[in-house]
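Q: Take this structure, written in structure tokens, and hold onto it; I'll ask about it next.
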Amino acid sequence: MALYDAHCHISTDFNGDDIDELIARVKRWAPAQFVVMSTNHLDYKYVDELATNCSNVIPSFGVHPWYSHLFTLESGGVDKKTHYCSVFGTEDVEATLLEILPEPIHFETHLRQLVALCLKHSPRVCWGELGLDKLFRVPDNGFYSNPQRPSTKLTNYRVSMSHQKRILERQLDAALQHNWPLSLHNVKAGGAVVTILRESLERNGIGHGARVCFHSYTGSIDTLKMVMKQLKHHTIFVSVSGCINLARMDEFKELCNVVPRGQLLTETDLCLNYKHPDTYEELVKVSQTVLDVRGNDEEEWSFPLNNFLS
């Protein structure tokens, strides 16, 4: 059985001193292939290093909506309090949280770094993880897996959709200009992600041929069919994971049987550096479950990832 993980991670709190051990571990999993997502200002350098040293790793670079609040789009910069009040849509931010939050990162500078890394690793490269998340609340340590401070609870602060959308738009424009495949995150954002994607495709003059993956898809089947119809000149992929999709087996089975042959991808959405759960074991589990559900020959799984990446 051909194994490929279309969406996995290196944790934000990863200790760089362990990179050689991680490289050796992932190499042992070959010929299984792993599309490793970056999500923020800390993990992308480890994704780059892992891909540089592991032929079975395809790097993906982007800014996840859970980290979008750390970035400013103001060209001249902005003071810390003004920035976070703006992106949280509030007149004030609790002093303790404000002290913990880092100084705003200039997004355009970070974007240029990500584009340079994608060019370095082209043509087998992806853009992501990017998207919108309406349910996300900022943790009390400033951002998920902050390596300098553990989290104990979520705050009531949410990142405004307007800020998330601007971060998403800039990433889509950058990626689509190079025709890089996209790995999208969409949580309770309705049709906003698809609307912004369609606008970006039109803005960049891309009438056909874009490759878009909705990772760990949990939306309705009717919505998926509608999106595929709206974007019929592009290729829409869906990836399924054990940690999210297998918890709803009836929906999982229906999804697996609706997605066209060659457009269903397997993923774990796990961190490669975590040993529990083991990424490779989870990948085998979800891959075998998909095969069991669809009743297809294993040869079907020899080409979907290549379709997505090329």
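Numbers here mean position along the shown chain, with the first residue as 1.
Each residue, glycine too, has its Cβ placed from N, Cα and C.
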Q: Per TrEMBL, what member of Asp222, Asp250, Asp269 joins His7, His9, Glu129 in binding divalent metal cation 1 at one site?
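A: So, going by the record in TrEMBL, that would be Asp269.
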Q: Measuring C-alpha to C-alpha, could you say which of the binding-site residues His7, His9, Asp269 are within 10 Å of His185 (divalent metal cation 2 binding site)?
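A: So the list is empty; none.
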Q: How big is the gap, in Å, between the Cα of His215 (divalent metal cation 2 binding site) and that of His7 (divalent metal cation 1 binding site), rounded to a whole number?
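A: The Cα atom of His215 (divalent metal cation 2 binding site) is 7 Å away from the Cα atom of His7 (divalent metal cation 1 binding site).
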Q: With every protein chain in view, how many other Cβ atoms are within 10 Å of the Cβ of Asp269 (divalent metal cation 1 binding site)?
A: 24
Q: Would you mind listing, in sequence order, the residues at least six apart from His9 (divalent metal cation 1 binding site) in the same chain with a Cβ closer than 8 Å to its Cβ?
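A: The list for His9 (divalent metal cation 1 binding site) reads Val36, Met37, Thr39, Asp43, Asp269, Leu270, Cys271, Leu272, given in order along the sequence.
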Q: Over all shown protein chains, what is the count of other CB atoms within 10 A of the CB belonging to Glu129 (divalent metal cation 1 binding site)?
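A: Result for Glu129 (divalent metal cation 1 binding site): 26 neighbouring Cβ atoms inside 10 Å.
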